[in-house]
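As written in TrEMBL, here are the features:
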| type | residues | note |
| --- | --- | --- |
| REGION | A:1-22 | region 'Disordered' |
| TRANSMEM | A:31-56 | transmembrane segment |
| DOMAIN | A:87-275 | domain 'ABC transmembrane type-1' |
| TRANSMEM | A:93-113 | transmembrane segment |
| TRANSMEM | A:125-149 | transmembrane segment |
| TRANSMEM | A:155-178 | transmembrane segment |
| TRANSMEM | A:199-221 | transmembrane segment |
| TRANSMEM | A:257-278 | transmembrane segment |
Amino acid sequence: MATRTQSPAPRHTEEGGRPPRKQKPVDAIPLWLKIVGVLVAIYLILPTLVVIPMSFSAGATFQFPPDEWSLRWYESFFTDDRWLKALSNSLKVAFSVMVVATLIGTAAAVGLSRTRARWAEAVRSFLMLPLVAPGIVIAVVVYIAYLNWQMVGSFWGYVLIHTAMALPYVLVAVTASLSGFDTNLLRAASSLGASPLRAFWRVQLPLILPGVLSGAVFAFVTSLDEVVVALFIRSPLFETLPVRMFNSVTIEIDPTVAAASSILVVLATLLILTPQLLRLARRKK
Amino acid sequence: MAVAAVTQGRQRRRARWSGPGLLVPALVLMGFAVLAPLAMSFWRSLTDPSFGLSHYTDLFTDGITLTIVGRTLMTSLIVTLGTVILGYPFAYLMTRVGTTMRILMLTAVLVPFWTSMTARNFAWLILVQRGGPVDKMFSAVGIDGVVLHGTVAGVAVAMIQVMLPFMVLPLYSHMAGIDRKLLLAAQALGSTPIRAFRKVFLPLSVGGVVSGSILVFALSFGFYVTPAILGSPQQSLVAQLLGQRTLQLLDFAAAGALGIVVLLFTLALVTVANRLGGSVSALGGASVAKGK
(Lines of atoms letter the chains of each structure in order from A; the text may use other names.)
(Lines give C-alpha, C1' and ligand atoms only; values in the text may rest on other atoms or scores of the structure.)
Protein backbone atom coordinates (compact mmCIF):
# COMPACT_ATOMS: atom_id res chain seq x y z
CA MET A 1 0.00 0.00 0.00
CA ALA A 2 2.94 2.29 0.63
CA THR A 3 3.66 2.20 -3.08
CA ARG A 4 0.38 3.95 -3.90
CA THR A 5 1.90 7.43 -3.41
CA GLN A 6 1.52 9.21 -6.73
CA SER A 7 3.18 12.40 -7.83
CA PRO A 8 0.57 13.94 -10.19
CA ALA A 9 -1.45 15.04 -7.18
CA PRO A 10 0.47 18.25 -6.33
CA ARG A 11 0.41 19.40 -9.94
CA HIS A 12 -3.39 19.66 -9.84
CA THR A 13 -3.37 21.64 -6.63
CA GLU A 14 -0.87 24.08 -8.14
CA GLU A 15 -3.58 25.34 -10.50
CA GLY A 16 -5.77 26.28 -7.62
CA GLY A 17 -3.17 28.54 -6.02
CA ARG A 18 0.22 28.06 -4.46
CA PRO A 19 0.32 24.79 -2.55
CA PRO A 20 1.90 24.74 0.85
CA ARG A 21 5.32 23.08 0.73
CA LYS A 22 4.22 20.25 2.99
CA GLN A 23 1.62 18.88 0.56
CA LYS A 24 4.34 17.42 -1.66
CA PRO A 25 4.37 13.65 -1.05
CA VAL A 26 7.29 12.45 1.02
CA ASP A 27 7.88 9.58 -1.34
CA ALA A 28 7.51 11.15 -4.79
CA ILE A 29 8.89 9.41 -7.88
CA PRO A 30 11.63 11.61 -9.36
CA LEU A 31 11.00 12.90 -12.88
CA TRP A 32 14.26 11.53 -14.29
CA LEU A 33 13.28 8.03 -13.19
CA LYS A 34 10.01 8.29 -15.12
CA ILE A 35 11.94 9.47 -18.18
CA VAL A 36 14.31 6.48 -17.89
CA GLY A 37 11.27 4.20 -17.58
CA VAL A 38 9.73 5.60 -20.76
CA LEU A 39 13.05 5.30 -22.64
CA VAL A 40 13.53 1.68 -21.57
CA ALA A 41 9.94 0.87 -22.57
CA ILE A 42 10.65 2.41 -25.99
CA TYR A 43 13.85 0.39 -26.30
CA LEU A 44 11.88 -2.76 -25.44
CA ILE A 45 8.98 -2.22 -27.82
CA LEU A 46 9.92 0.10 -30.68
CA PRO A 47 12.80 -1.72 -32.44
CA THR A 48 10.65 -4.72 -33.25
CA LEU A 49 7.99 -2.56 -34.88
CA VAL A 50 10.25 -1.58 -37.81
CA VAL A 51 9.30 -4.89 -39.45
CA ILE A 52 5.78 -3.57 -40.05
CA PRO A 53 6.67 -0.64 -42.36
CA MET A 54 9.31 -2.94 -43.93
CA SER A 55 6.62 -5.42 -44.87
CA PHE A 56 4.80 -2.78 -46.96
CA SER A 57 7.94 -1.88 -48.91
CA ALA A 58 7.99 -2.09 -52.69
CA GLY A 59 11.76 -2.58 -52.88
CA ALA A 60 13.54 -5.92 -53.04
CA THR A 61 16.15 -4.95 -50.42
CA PHE A 62 16.07 -4.43 -46.66
CA GLN A 63 16.31 -0.63 -47.16
CA PHE A 64 14.64 1.30 -44.31
CA PRO A 65 12.55 3.38 -44.48
CA PRO A 66 11.16 2.05 -47.75
CA ASP A 67 10.96 4.46 -50.70
CA GLU A 68 7.78 3.05 -52.14
CA TRP A 69 4.93 1.05 -50.71
CA SER A 70 3.19 -2.10 -51.88
CA LEU A 71 1.61 -5.30 -50.68
CA ARG A 72 3.85 -7.49 -52.84
CA TRP A 73 5.58 -9.24 -49.92
CA TYR A 74 2.27 -10.25 -48.37
CA GLU A 75 1.22 -11.48 -51.79
CA SER A 76 4.49 -13.36 -52.07
CA PHE A 77 3.98 -14.88 -48.60
CA PHE A 78 0.46 -16.09 -49.32
CA THR A 79 1.20 -17.39 -52.84
CA ASP A 80 4.66 -18.92 -52.45
CA ASP A 81 4.40 -22.62 -51.74
CA ARG A 82 7.55 -22.74 -49.58
CA TRP A 83 6.30 -20.05 -47.21
CA LEU A 84 2.83 -21.56 -46.97
CA LYS A 85 4.29 -25.02 -46.38
CA ALA A 86 6.57 -23.64 -43.66
CA LEU A 87 3.62 -21.87 -42.03
CA SER A 88 1.42 -24.96 -42.07
CA ASN A 89 4.30 -27.14 -40.76
CA SER A 90 4.83 -24.67 -37.91
CA LEU A 91 1.14 -24.50 -37.05
CA LYS A 92 0.76 -28.30 -37.09
CA VAL A 93 3.80 -28.79 -34.87
CA ALA A 94 2.81 -25.97 -32.52
CA PHE A 95 -0.74 -27.28 -32.18
CA SER A 96 0.42 -30.83 -31.41
CA VAL A 97 3.01 -29.50 -28.97
CA MET A 98 0.34 -27.43 -27.25
CA VAL A 99 -1.94 -30.44 -26.75
CA VAL A 100 0.77 -32.88 -25.63
CA ALA A 101 2.72 -30.42 -23.46
CA THR A 102 -0.43 -29.18 -21.73
CA LEU A 103 -1.58 -32.74 -20.90
CA ILE A 104 1.81 -33.98 -19.73
CA GLY A 105 2.76 -30.72 -18.02
CA THR A 106 -0.53 -30.40 -16.14
CA ALA A 107 -0.27 -34.02 -14.98
CA ALA A 108 3.29 -33.40 -13.81
CA ALA A 109 2.38 -30.18 -11.99
CA VAL A 110 -0.54 -31.87 -10.21
CA GLY A 111 1.68 -34.86 -9.44
CA LEU A 112 4.38 -32.65 -7.96
CA SER A 113 1.83 -30.74 -5.89
CA ARG A 114 0.68 -34.03 -4.32
CA THR A 115 4.18 -35.20 -3.50
CA ARG A 116 5.85 -34.07 -0.35
CA ALA A 117 8.92 -36.23 -0.87
CA ARG A 118 12.37 -34.70 -1.04
CA TRP A 119 13.10 -35.98 -4.51
CA ALA A 120 10.16 -33.97 -5.86
CA GLU A 121 12.27 -30.80 -6.01
CA ALA A 122 14.96 -32.64 -7.96
CA VAL A 123 12.33 -33.86 -10.43
CA ARG A 124 11.00 -30.31 -10.79
CA SER A 125 14.50 -28.98 -11.52
CA PHE A 126 15.03 -31.74 -14.07
CA LEU A 127 11.75 -30.89 -15.83
CA MET A 128 12.78 -27.20 -15.86
CA LEU A 129 16.08 -28.09 -17.56
CA PRO A 130 15.03 -27.14 -21.13
CA LEU A 131 14.22 -23.62 -19.93
CA VAL A 132 17.76 -22.94 -18.76
CA ALA A 133 19.85 -25.23 -20.98
CA PRO A 134 21.26 -23.25 -23.94
CA GLY A 135 19.19 -23.90 -27.07
CA ILE A 136 22.34 -24.52 -29.07
CA VAL A 137 23.45 -27.38 -26.79
CA ILE A 138 20.02 -29.01 -27.02
CA ALA A 139 20.14 -28.49 -30.79
CA VAL A 140 23.54 -30.16 -31.16
CA VAL A 141 22.83 -33.22 -29.00
CA VAL A 142 19.31 -33.72 -30.36
CA TYR A 143 20.59 -33.45 -33.93
CA ILE A 144 23.22 -36.12 -33.27
CA ALA A 145 20.65 -38.38 -31.60
CA TYR A 146 18.07 -37.83 -34.36
CA LEU A 147 20.66 -38.78 -36.99
CA ASN A 148 20.95 -42.14 -35.24
CA TRP A 149 17.21 -42.53 -34.80
CA GLN A 150 16.47 -41.32 -38.35
CA MET A 151 14.21 -38.61 -37.02
CA VAL A 152 15.85 -35.58 -38.68
CA GLY A 153 13.20 -33.58 -40.51
CA SER A 154 10.35 -35.69 -39.16
CA PHE A 155 7.15 -34.19 -37.81
CA TRP A 156 7.29 -36.25 -34.61
CA GLY A 157 10.92 -35.31 -34.10
CA TYR A 158 9.87 -31.67 -33.95
CA VAL A 159 6.93 -32.43 -31.68
CA LEU A 160 9.11 -34.45 -29.28
CA ILE A 161 11.79 -31.83 -28.67
CA HIS A 162 9.44 -28.83 -28.81
CA THR A 163 7.18 -30.49 -26.25
CA ALA A 164 10.15 -30.96 -23.93
CA MET A 165 11.07 -27.29 -24.41
CA ALA A 166 7.48 -26.12 -23.78
CA LEU A 167 7.04 -28.33 -20.69
CA PRO A 168 8.66 -25.90 -18.19
CA TYR A 169 6.24 -23.13 -19.18
CA VAL A 170 3.20 -25.35 -18.63
CA LEU A 171 4.69 -26.60 -15.36
CA VAL A 172 5.26 -23.07 -14.07
CA ALA A 173 1.84 -21.80 -15.17
CA VAL A 174 -0.09 -24.71 -13.66
CA THR A 175 2.02 -24.76 -10.49
CA ALA A 176 1.26 -21.07 -10.00
CA SER A 177 -2.49 -21.66 -10.16
CA LEU A 178 -2.19 -24.80 -7.98
CA SER A 179 -0.58 -22.73 -5.23
CA GLY A 180 -3.93 -21.06 -4.63
CA PHE A 181 -5.83 -24.35 -4.64
CA ASP A 182 -7.27 -25.67 -1.39
CA THR A 183 -6.65 -29.44 -1.21
CA ASN A 184 -9.48 -29.76 1.32
CA LEU A 185 -11.83 -29.43 -1.65
CA LEU A 186 -10.47 -32.70 -3.07
CA ARG A 187 -10.89 -34.38 0.29
CA ALA A 188 -14.46 -33.07 0.48
CA ALA A 189 -15.25 -34.36 -3.02
CA SER A 190 -13.80 -37.74 -2.18
CA SER A 191 -15.70 -37.98 1.11
CA LEU A 192 -18.87 -37.38 -0.91
CA GLY A 193 -17.95 -40.42 -2.99
CA ALA A 194 -16.15 -38.96 -6.01
CA SER A 195 -13.37 -41.00 -7.56
CA PRO A 196 -9.97 -39.24 -7.74
CA LEU A 197 -10.36 -38.76 -11.48
CA ARG A 198 -13.85 -37.35 -11.08
CA ALA A 199 -12.71 -35.09 -8.24
CA PHE A 200 -9.92 -33.78 -10.44
CA TRP A 201 -12.20 -33.27 -13.43
CA ARG A 202 -15.14 -31.66 -11.61
CA VAL A 203 -13.40 -29.82 -8.77
CA GLN A 204 -9.71 -29.22 -9.32
CA LEU A 205 -9.49 -28.67 -13.07
CA PRO A 206 -12.13 -25.91 -13.26
CA LEU A 207 -10.30 -24.02 -10.53
CA ILE A 208 -6.83 -24.28 -12.06
CA LEU A 209 -8.11 -23.82 -15.63
CA PRO A 210 -6.65 -20.29 -16.08
CA GLY A 211 -3.17 -21.66 -15.36
CA VAL A 212 -3.69 -24.61 -17.69
CA LEU A 213 -4.90 -22.33 -20.49
CA SER A 214 -2.02 -19.87 -20.15
CA GLY A 215 0.35 -22.85 -20.08
CA ALA A 216 -1.21 -24.01 -23.34
CA VAL A 217 -0.72 -20.58 -24.93
CA PHE A 218 2.91 -20.47 -23.78
CA ALA A 219 3.52 -23.96 -25.17
CA PHE A 220 2.02 -22.98 -28.52
CA VAL A 221 4.09 -19.79 -28.78
CA THR A 222 7.29 -21.56 -27.63
CA SER A 223 7.02 -24.10 -30.42
CA LEU A 224 5.85 -21.60 -33.05
CA ASP A 225 8.87 -19.38 -32.36
CA GLU A 226 11.59 -21.97 -31.74
CA VAL A 227 14.38 -21.61 -34.27
CA VAL A 228 17.72 -22.91 -32.98
CA VAL A 229 16.82 -26.59 -32.64
CA ALA A 230 14.60 -26.36 -35.71
CA LEU A 231 17.60 -25.14 -37.76
CA PHE A 232 19.48 -28.31 -36.88
CA ILE A 233 16.78 -30.95 -37.24
CA ARG A 234 15.16 -29.55 -40.41
CA SER A 235 15.23 -31.30 -43.74
CA PRO A 236 14.62 -29.84 -47.20
CA LEU A 237 11.23 -31.55 -47.06
CA PHE A 238 10.24 -30.25 -43.65
CA GLU A 239 11.15 -26.84 -42.32
CA THR A 240 9.26 -24.56 -39.96
CA LEU A 241 8.42 -20.89 -40.40
CA PRO A 242 11.24 -19.53 -38.18
CA VAL A 243 13.77 -21.62 -40.15
CA ARG A 244 12.41 -20.26 -43.43
CA MET A 245 12.66 -16.74 -41.98
CA PHE A 246 16.20 -17.31 -40.72
CA ASN A 247 17.32 -18.45 -44.17
CA SER A 248 15.58 -15.52 -45.83
CA VAL A 249 17.54 -13.11 -43.65
CA THR A 250 20.93 -14.80 -43.74
CA ILE A 251 21.17 -16.52 -47.10
CA GLU A 252 18.52 -15.46 -49.59
CA ILE A 253 17.78 -11.82 -48.60
CA ASP A 254 14.10 -12.40 -49.42
CA PRO A 255 11.99 -9.46 -48.17
CA THR A 256 9.00 -11.79 -47.79
CA VAL A 257 10.50 -12.31 -44.32
CA ALA A 258 9.26 -8.80 -43.43
CA ALA A 259 5.66 -9.85 -44.10
CA ALA A 260 6.14 -13.08 -42.13
CA SER A 261 7.74 -11.17 -39.24
CA SER A 262 4.94 -8.61 -39.14
CA ILE A 263 2.30 -11.34 -39.00
CA LEU A 264 4.13 -13.05 -36.10
CA VAL A 265 4.74 -9.80 -34.22
CA VAL A 266 1.10 -8.75 -34.49
CA LEU A 267 -0.11 -12.23 -33.46
CA ALA A 268 2.19 -12.45 -30.41
CA THR A 269 1.26 -8.93 -29.35
CA LEU A 270 -2.45 -9.73 -29.54
CA LEU A 271 -1.94 -12.96 -27.57
CA ILE A 272 -0.13 -11.12 -24.78
CA LEU A 273 -2.19 -7.92 -24.87
CA THR A 274 -5.65 -9.51 -24.71
CA PRO A 275 -5.35 -10.98 -21.18
CA GLN A 276 -3.58 -7.84 -19.94
CA LEU A 277 -6.26 -5.56 -21.37
CA LEU A 278 -8.97 -7.80 -19.91
CA ARG A 279 -7.29 -7.47 -16.52
CA LEU A 280 -7.23 -3.68 -16.88
CA ALA A 281 -10.89 -3.64 -17.95
CA ARG A 282 -11.85 -5.79 -14.97
CA ARG A 283 -10.07 -3.35 -12.65
CA LYS A 284 -11.95 -0.39 -14.11
CA LYS A 285 -15.34 -1.95 -13.24
CA MET B 1 -15.50 -43.10 12.71
CA ALA B 2 -14.23 -46.42 11.44
CA VAL B 3 -15.58 -45.75 7.95
CA ALA B 4 -13.98 -42.32 7.91
CA ALA B 5 -10.66 -43.79 8.99
CA VAL B 6 -10.81 -46.38 6.24
CA THR B 7 -11.58 -43.84 3.50
CA GLN B 8 -8.89 -41.57 4.82
CA GLY B 9 -6.38 -44.37 4.73
CA ARG B 10 -7.39 -45.26 1.20
CA GLN B 11 -7.16 -41.62 0.19
CA ARG B 12 -3.75 -41.28 1.66
CA ARG B 13 -2.55 -44.38 -0.16
CA ARG B 14 -4.07 -43.08 -3.40
CA ALA B 15 -2.49 -39.68 -2.89
CA ARG B 16 0.85 -41.27 -2.19
CA TRP B 17 0.79 -43.18 -5.49
CA SER B 18 -1.10 -40.75 -7.75
CA GLY B 19 1.60 -38.09 -7.29
CA PRO B 20 4.56 -40.04 -8.68
CA GLY B 21 2.35 -41.77 -11.25
CA LEU B 22 1.37 -38.44 -12.81
CA LEU B 23 5.04 -37.60 -13.29
CA VAL B 24 5.75 -40.65 -15.45
CA PRO B 25 4.74 -39.17 -18.86
CA ALA B 26 6.81 -36.03 -18.29
CA LEU B 27 9.83 -38.05 -17.18
CA VAL B 28 9.57 -40.43 -20.12
CA LEU B 29 9.31 -37.51 -22.53
CA MET B 30 12.28 -35.69 -21.02
CA GLY B 31 14.23 -38.94 -20.99
CA PHE B 32 13.76 -39.41 -24.74
CA ALA B 33 13.97 -35.78 -25.82
CA VAL B 34 16.81 -34.48 -23.65
CA LEU B 35 18.47 -37.05 -21.42
CA ALA B 36 19.13 -39.78 -24.00
CA PRO B 37 20.58 -37.34 -26.59
CA LEU B 38 22.78 -35.79 -23.91
CA ALA B 39 24.01 -39.18 -22.75
CA MET B 40 24.71 -40.24 -26.33
CA SER B 41 26.76 -37.12 -27.02
CA PHE B 42 28.63 -37.47 -23.77
CA TRP B 43 29.45 -41.10 -24.48
CA ARG B 44 30.59 -40.23 -27.97
CA SER B 45 32.79 -37.38 -26.75
CA LEU B 46 34.59 -39.90 -24.52
CA THR B 47 34.91 -42.83 -26.93
CA ASP B 48 35.15 -41.48 -30.49
CA PRO B 49 37.63 -42.38 -32.01
CA SER B 50 39.21 -43.94 -28.91
CA PHE B 51 38.41 -43.86 -25.21
CA GLY B 52 39.82 -40.82 -23.42
CA LEU B 53 39.44 -37.19 -22.52
CA SER B 54 41.27 -35.92 -25.61
CA HIS B 55 38.26 -33.92 -26.86
CA TYR B 56 38.09 -32.14 -23.52
CA THR B 57 41.80 -31.34 -23.34
CA ASP B 58 41.65 -30.15 -26.98
CA LEU B 59 39.24 -27.43 -25.90
CA PHE B 60 42.02 -25.85 -23.87
CA THR B 61 44.88 -26.47 -26.26
CA ASP B 62 43.55 -25.91 -29.80
CA GLY B 63 43.95 -22.13 -29.42
CA ILE B 64 40.66 -21.26 -31.14
CA THR B 65 38.20 -22.46 -28.53
CA LEU B 66 39.69 -20.41 -25.71
CA THR B 67 39.80 -17.24 -27.84
CA ILE B 68 36.15 -17.67 -28.75
CA VAL B 69 35.17 -18.52 -25.18
CA GLY B 70 36.97 -15.36 -24.03
CA ARG B 71 35.10 -13.26 -26.59
CA THR B 72 31.81 -14.86 -25.57
CA LEU B 73 32.45 -14.22 -21.87
CA MET B 74 33.24 -10.57 -22.70
CA THR B 75 30.05 -10.18 -24.76
CA SER B 76 27.94 -11.82 -22.03
CA LEU B 77 29.49 -9.47 -19.49
CA ILE B 78 28.67 -6.39 -21.58
CA VAL B 79 25.11 -7.64 -22.10
CA THR B 80 24.72 -8.32 -18.38
CA LEU B 81 25.97 -4.84 -17.44
CA GLY B 82 23.65 -3.30 -20.04
CA THR B 83 20.61 -5.14 -18.71
CA VAL B 84 21.43 -4.13 -15.11
CA ILE B 85 21.84 -0.46 -16.07
CA LEU B 86 18.55 -0.40 -17.99
CA GLY B 87 16.64 -3.00 -16.01
CA TYR B 88 17.29 -1.78 -12.46
CA PRO B 89 15.58 1.62 -12.76
CA PHE B 90 12.77 0.07 -14.79
CA ALA B 91 12.09 -2.69 -12.24
CA TYR B 92 12.37 -0.15 -9.40
CA LEU B 93 9.87 2.11 -11.13
CA MET B 94 7.53 -0.87 -11.46
CA THR B 95 7.44 -1.24 -7.68
CA ARG B 96 6.56 2.44 -7.27
CA VAL B 97 3.76 3.11 -9.76
CA GLY B 98 0.05 2.31 -9.38
CA THR B 99 -1.47 -0.96 -10.50
CA THR B 100 -2.66 0.21 -13.94
CA MET B 101 0.76 1.62 -14.78
CA ARG B 102 2.41 -1.52 -13.47
CA ILE B 103 0.34 -3.73 -15.76
CA LEU B 104 1.30 -1.50 -18.70
CA MET B 105 5.00 -1.72 -17.77
CA LEU B 106 4.74 -5.48 -17.34
CA THR B 107 3.17 -5.66 -20.79
CA ALA B 108 6.08 -3.65 -22.21
CA VAL B 109 8.37 -6.37 -20.82
CA LEU B 110 6.23 -9.35 -21.80
CA VAL B 111 5.48 -8.37 -25.40
CA PRO B 112 9.13 -8.59 -26.50
CA PHE B 113 9.53 -11.67 -24.26
CA TRP B 114 6.98 -13.51 -26.41
CA THR B 115 7.58 -11.84 -29.78
CA SER B 116 9.27 -14.01 -32.39
CA MET B 117 13.04 -14.04 -31.85
CA THR B 118 13.68 -14.31 -35.57
CA ALA B 119 11.47 -11.32 -36.28
CA ARG B 120 13.23 -9.25 -33.62
CA ASN B 121 16.69 -10.12 -34.86
CA PHE B 122 15.58 -9.28 -38.37
CA ALA B 123 14.31 -5.93 -37.05
CA TRP B 124 17.71 -5.25 -35.47
CA LEU B 125 19.43 -6.12 -38.73
CA ILE B 126 17.34 -3.45 -40.49
CA LEU B 127 18.16 -0.92 -37.77
CA VAL B 128 21.93 -1.39 -37.60
CA GLN B 129 22.82 -2.18 -41.22
CA ARG B 130 24.82 0.17 -43.47
CA GLY B 131 22.54 3.07 -44.39
CA GLY B 132 20.02 1.95 -41.75
CA PRO B 133 18.28 4.23 -39.22
CA VAL B 134 21.04 3.98 -36.59
CA ASP B 135 23.73 4.77 -39.17
CA LYS B 136 21.66 7.73 -40.46
CA MET B 137 20.95 9.01 -36.97
CA PHE B 138 24.66 9.15 -36.15
CA SER B 139 25.46 10.71 -39.54
CA ALA B 140 22.91 13.45 -38.80
CA VAL B 141 24.90 14.50 -35.74
CA GLY B 142 28.15 14.33 -37.66
CA ILE B 143 29.46 10.88 -36.75
CA ASP B 144 29.84 8.93 -39.96
CA GLY B 145 29.88 5.24 -40.64
CA VAL B 146 28.36 3.82 -37.46
CA VAL B 147 27.64 0.43 -38.95
CA LEU B 148 26.97 -1.96 -36.12
CA HIS B 149 26.15 -4.90 -38.37
CA GLY B 150 28.94 -7.44 -38.13
CA THR B 151 30.35 -6.04 -34.89
CA VAL B 152 30.21 -7.19 -31.29
CA ALA B 153 28.60 -3.83 -30.43
CA GLY B 154 25.71 -4.53 -32.79
CA VAL B 155 25.25 -7.98 -31.33
CA ALA B 156 25.33 -6.51 -27.80
CA VAL B 157 22.76 -3.78 -28.52
CA ALA B 158 20.30 -6.36 -29.81
CA MET B 159 21.10 -8.94 -27.13
CA ILE B 160 20.53 -6.41 -24.35
CA GLN B 161 17.03 -5.81 -25.69
CA VAL B 162 16.39 -9.54 -25.99
CA MET B 163 17.70 -10.27 -22.47
CA LEU B 164 16.16 -7.27 -20.69
CA PRO B 165 12.98 -9.16 -19.68
CA PHE B 166 15.16 -11.85 -18.09
CA MET B 167 16.65 -9.14 -15.87
CA VAL B 168 13.52 -7.08 -15.18
CA LEU B 169 11.23 -9.96 -14.19
CA PRO B 170 13.44 -11.49 -11.43
CA LEU B 171 14.52 -8.02 -10.27
CA TYR B 172 10.93 -6.85 -10.01
CA SER B 173 9.80 -9.92 -8.09
CA HIS B 174 12.73 -9.42 -5.70
CA MET B 175 12.16 -5.67 -5.27
CA ALA B 176 8.42 -6.11 -4.75
CA GLY B 177 9.30 -7.95 -1.54
CA ILE B 178 11.19 -4.97 -0.09
CA ASP B 179 9.19 -2.99 2.45
CA ARG B 180 9.12 0.65 1.40
CA LYS B 181 8.25 1.71 4.95
CA LEU B 182 11.92 1.15 5.76
CA LEU B 183 12.84 3.96 3.38
CA LEU B 184 10.17 6.22 4.78
CA ALA B 185 11.48 5.47 8.24
CA ALA B 186 15.00 6.41 7.14
CA GLN B 187 13.67 9.65 5.71
CA ALA B 188 11.66 10.35 8.85
CA LEU B 189 14.92 10.00 10.76
CA GLY B 190 16.38 12.79 8.65
CA SER B 191 17.93 10.97 5.72
CA THR B 192 17.61 12.47 2.23
CA PRO B 193 15.64 10.33 -0.26
CA ILE B 194 18.80 9.52 -2.23
CA ARG B 195 20.72 8.58 0.89
CA ALA B 196 17.83 6.46 2.14
CA PHE B 197 17.74 4.69 -1.20
CA ARG B 198 21.47 4.06 -1.21
CA LYS B 199 21.71 2.91 2.38
CA VAL B 200 18.47 0.92 2.63
CA PHE B 201 16.96 -0.11 -0.69
CA LEU B 202 20.14 -0.74 -2.66
CA PRO B 203 21.65 -3.27 -0.21
CA LEU B 204 18.31 -5.06 0.07
CA SER B 205 18.03 -5.35 -3.72
CA VAL B 206 21.56 -6.64 -4.28
CA GLY B 207 20.38 -10.27 -4.13
CA GLY B 208 17.97 -9.62 -7.02
CA VAL B 209 20.66 -7.90 -9.05
CA VAL B 210 23.12 -10.75 -8.51
CA SER B 211 20.65 -13.52 -9.36
CA GLY B 212 19.29 -11.62 -12.37
CA SER B 213 22.83 -10.94 -13.59
CA ILE B 214 23.92 -14.55 -13.31
CA LEU B 215 20.81 -15.64 -15.20
CA VAL B 216 21.35 -13.13 -18.02
CA PHE B 217 25.06 -13.96 -18.15
CA ALA B 218 24.36 -17.70 -18.38
CA LEU B 219 21.69 -17.31 -21.06
CA SER B 220 23.82 -14.87 -23.10
CA PHE B 221 26.68 -17.35 -23.13
CA GLY B 222 24.73 -19.79 -25.30
CA PHE B 223 23.13 -17.28 -27.72
CA TYR B 224 22.99 -18.49 -31.30
CA VAL B 225 20.51 -16.57 -33.46
CA THR B 226 21.51 -12.97 -32.68
CA PRO B 227 25.25 -13.42 -33.37
CA ALA B 228 24.43 -15.51 -36.43
CA ILE B 229 22.28 -12.75 -37.95
CA LEU B 230 24.02 -9.63 -36.62
CA GLY B 231 27.59 -10.75 -35.99
CA SER B 232 30.29 -11.78 -38.42
CA PRO B 233 32.06 -15.11 -38.90
CA GLN B 234 35.36 -13.47 -37.86
CA GLN B 235 33.81 -12.52 -34.52
CA SER B 236 31.98 -15.78 -33.85
CA LEU B 237 30.83 -16.78 -30.38
CA VAL B 238 30.73 -20.18 -28.65
CA ALA B 239 27.32 -21.07 -30.08
CA GLN B 240 28.56 -20.48 -33.65
CA LEU B 241 31.58 -22.64 -32.94
CA LEU B 242 29.30 -25.41 -31.71
CA GLY B 243 27.04 -25.09 -34.74
CA GLN B 244 29.96 -25.05 -37.14
CA ARG B 245 31.59 -28.13 -35.59
CA THR B 246 28.29 -29.99 -35.84
CA LEU B 247 26.78 -28.94 -39.16
CA GLN B 248 29.87 -28.15 -41.25
CA LEU B 249 32.74 -30.17 -39.83
CA LEU B 250 30.49 -33.06 -38.68
CA ASP B 251 32.90 -33.46 -35.76
CA PHE B 252 30.23 -34.78 -33.40
CA ALA B 253 32.60 -35.93 -30.68
CA ALA B 254 34.32 -32.54 -30.35
CA ALA B 255 30.98 -30.71 -30.60
CA GLY B 256 29.57 -32.97 -27.91
CA ALA B 257 32.50 -32.24 -25.60
CA LEU B 258 32.13 -28.48 -26.03
CA GLY B 259 28.34 -28.74 -25.68
CA ILE B 260 28.60 -30.64 -22.40
CA VAL B 261 31.06 -28.08 -21.02
CA VAL B 262 28.79 -25.17 -22.05
CA LEU B 263 25.79 -26.93 -20.51
CA LEU B 264 27.55 -27.62 -17.21
CA PHE B 265 28.83 -24.05 -17.06
CA THR B 266 25.31 -22.69 -17.67
CA LEU B 267 23.66 -25.05 -15.18
CA ALA B 268 26.22 -24.20 -12.50
CA LEU B 269 25.52 -20.48 -12.95
CA VAL B 270 21.74 -20.93 -12.99
CA THR B 271 21.88 -23.06 -9.85
CA VAL B 272 23.80 -20.31 -8.06
CA ALA B 273 21.29 -17.73 -9.31
CA ASN B 274 18.45 -19.93 -8.08
CA ARG B 275 19.97 -20.31 -4.63
CA LEU B 276 20.29 -16.55 -4.41
CA GLY B 277 16.79 -15.62 -5.39
CA GLY B 278 14.85 -18.33 -7.16
CA SER B 279 15.20 -16.33 -10.36
CA VAL B 280 14.15 -19.12 -12.69
CA SER B 281 10.84 -19.67 -10.96
CA ALA B 282 10.47 -15.91 -10.63
CA LEU B 283 10.95 -15.72 -14.36
CA GLY B 284 8.34 -18.35 -15.03
CA GLY B 285 5.99 -16.91 -12.44
CA ALA B 286 6.26 -13.42 -13.80
CA SER B 287 5.91 -14.58 -17.38
CA VAL B 288 2.62 -16.08 -16.34
CA ALA B 289 1.75 -12.44 -15.69
CA LYS B 290 0.87 -12.04 -12.06
CA GLY B 291 0.90 -8.25 -11.72
CA LYS B 292 -1.54 -8.41 -8.85
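Even glycines carry a Cβ here, placed using N, Cα and C.
All annotation found in TrEMBL is predicted automatically rather than curated by experts.
Comparison of A:31-56, A:93-113, A:125-149, A:155-178, A:199-221 by number of C-beta pairs under 8 angstroms to the transmembrane segment (A:257-278) places A:31-56 first. Contact between the transmembrane segment (A:155-178) and the transmembrane segment (A:93-113) holds: at least three of their C-beta pairs are under 8 Å, each pair 6 or more apart in sequence. Here the transmembrane segment (A:125-149) has Cβ contacts under 8 Å with residues 108, 157, 161, 164-165, 167-169, 171-172, 226, 228-229, 231-233 of the same chain, all six or more residues outside its ends. Tertiary proximity for the transmembrane segment (A:199-221) is limited to same-chain residues at least six positions away from its ends with a CB under 8 Å from its CB atoms, namely 94-95, 97-98, 101-102, 105-106, 110, 163, 166-167, 169-178, 181, 185-186, 189-190, 268, 271, 275.
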